[in-house]
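Participant: Below is one structure. I have some questions about it.
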Amino acid sequence: MIVIKNGRVVDPQNGVDKITDILVIDGKIGMIAPQIHVEHAKIIDATGKVVVPGFVDIHVHLREPGFEHKESIRTGTMSAAMGGFTTIACMPNTKPAVHSKEIVHYILDKAEKEGIVNVLPIGSITTNLDGSTLTNVKELVQSGVVAISDDGKTPMDTGIMEKAFEEASKNQIPLIDHCEDHDLAKGGSVNEGKASERTGIKGIPNAAEWRIVARDIALAEKYGTHLHIAHISTKESVALVRKAKEKGLKITCEAAPHHFALTDDVVTRQDTYTKVNPPLRSQDDVDAVRLGLKDRTIDIIATDHAPHDEDSKRVAYEEASFGISGLETAFAISYTELVETGILSFSQLVDKMSYLPSKIIGIDRGALTVGKVADLVVLDLNQEENIDASKFVSMGKNTPFHGKRVKGKVLYTLVDGNVVMEKGVVLCS
Ligand SMILES: NC(=O)N[C@@H](CC(=O)O)C(=O)O
Ligand SMILES: [Zn+2]
Ligand SMILES: [Zn+2]
């Protein structure tokens, strides 16, 4: 039994924003009321703090199986707990990929034994992301995947994608696409424009993204599929999604913190931590992403947590792996860049990090409802600090945010009513 006392409870879905106590009992939220007194309960004093639903991140790379030198289910879920995430969905670009029921079971079993937070696998669209051999979507869904995606790339073969959209629709799961035209992006490592001109590194044009966004919107319309666009980064893509939503299509999308907090001005040849796919874009694109978050064209925030080992980053920019380690900085960056600047209200931010992502993958999380699972976090919105990547519990220290001053700190993370992170310490069971 735990009583979280005197916190400001913010729960957008239940329309709650008030100072109250919360009783956690048997893994559930037992009561929300002022002045709860129960004997033998652990007390968390949340005076001056904020209590919100646990964050849900539907775009995480846990790297297991196959790339355990970059991250594991253990370390990735520890990192999630540090960041206030109580449920994460993991991408299938592992080795082997998440293309069969055996691999889905492997991840679910391992997450059950070693995971600190809830893990939901995403299945691949094609076998080992080869772009040509469709997986058995029905079997994957029956084994427990919550979506399909070939994140890292997209099948360019429209015939394959027609079938994939049809299968996703039939099996009532979202198809999450990494929208990138292979031919247009080929060999690029930074945004095409100022960054490619300044550094002499080959650029990736906006069109590499938005042309596939346009292709996918047409397919979603044709098959009635729920299309979820991963890590949206260009103004053209945001405009296409806005139009598709106006038409009433079932389309959702996400933005990653680095795509609304950084422009391609920070890219230098030396700093491979700025290398991410899609690349950091221009100020116009960043402004469009921020506006998209505000007007709800962009539904949610997802980290695209992409941890890498030092050997993959300590090479020439062109050779370095794409990706940013994101779970431990997501809340503070989002709070600092979106709420402190007045782009979103605090409640809107919480919604985009808890309930709305839950809804996209069809899980009953993201609210603080009596009788429901107690997945929640306690935040200090006044604490300021400089991001220190050396303190990450993730194996991936690859972040362009090292040293950045941010506001907002996750103090406690509770999963299933158990404290799994307390003041910077992950409590492993
Ligand atoms: N985003 C990245 O830059 N990298 C991701 C792949 C992806 O999300 O496309 C990775 O797996 O490292
Ligand atoms: Zn991707
Ligand atoms: Zn990704």
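Each Cβ is built from the backbone N, Cα and C atoms, and glycine gets one as well.
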Participant: Given that TrEMBL annotates His61, Leu62, Arg63, Asn93, His308, Phe322, Gly323 as binding substrate, state which candidate in Asn128, Asn277 belongs to that site as well.
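Facilitator: It is Asn277, as the record lists it for that site.
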Participant: Need one residue: from Asp295, Asp299, Asp304, the one TrEMBL lists with His59, His61, Asp151 for Zn(2+) 1.
Facilitator: Asp304
Participant: According to TrEMBL, Asp151, His178 bind Zn(2+) 2; which one of His99, His231, His258 is annotated to that same site?
Facilitator: His231
Participant: Just to be sure I understand the contacts, which binding-site residues have a Cβ under 6 angstroms from any atom of ligand 2? Candidates are His59, His61, Asp151.
Facilitator: Asp151
Participant: Does Asp151 (Zn(2+) 1 binding site) have same-chain partners at least 6 apart in sequence with Cβ under 8 Å from its own Cβ, and which are they?
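Facilitator: Counting only residues 6 or more apart in sequence, the Cβ neighbours of Asp151 (Zn(2+) 1 binding site) under 8 Å are His59, Met91, Pro92, Asn93, Ile122, Ile176, His178, Ala230.
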Participant: Determine which residues of the same chain, besides Asp151, His178, His231, have their CB within 8 A of the center of the CB atoms at the recorded Zn(2+) 2 site, and list them by sequence.
Facilitator: His59, Met91, Ser149, Gly152, Ile176, Asp177, Cys179, Glu180, Ala230, Asn277, Asp304
Participant: Widest Cα span across the substrate binders His61, Leu62, Arg63, Asn93, Asn277, His308, Phe322, Gly323, in Å?
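Facilitator: Value for the max Cα separation, rounded to a whole number: 17 Å.
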Participant: Return the members of His59, Leu62, Arg63, His178 (the binding-site residues) with CB less than 6 angstroms from at least one atom of ligand 1, or none.
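Facilitator: So the answer is His178.
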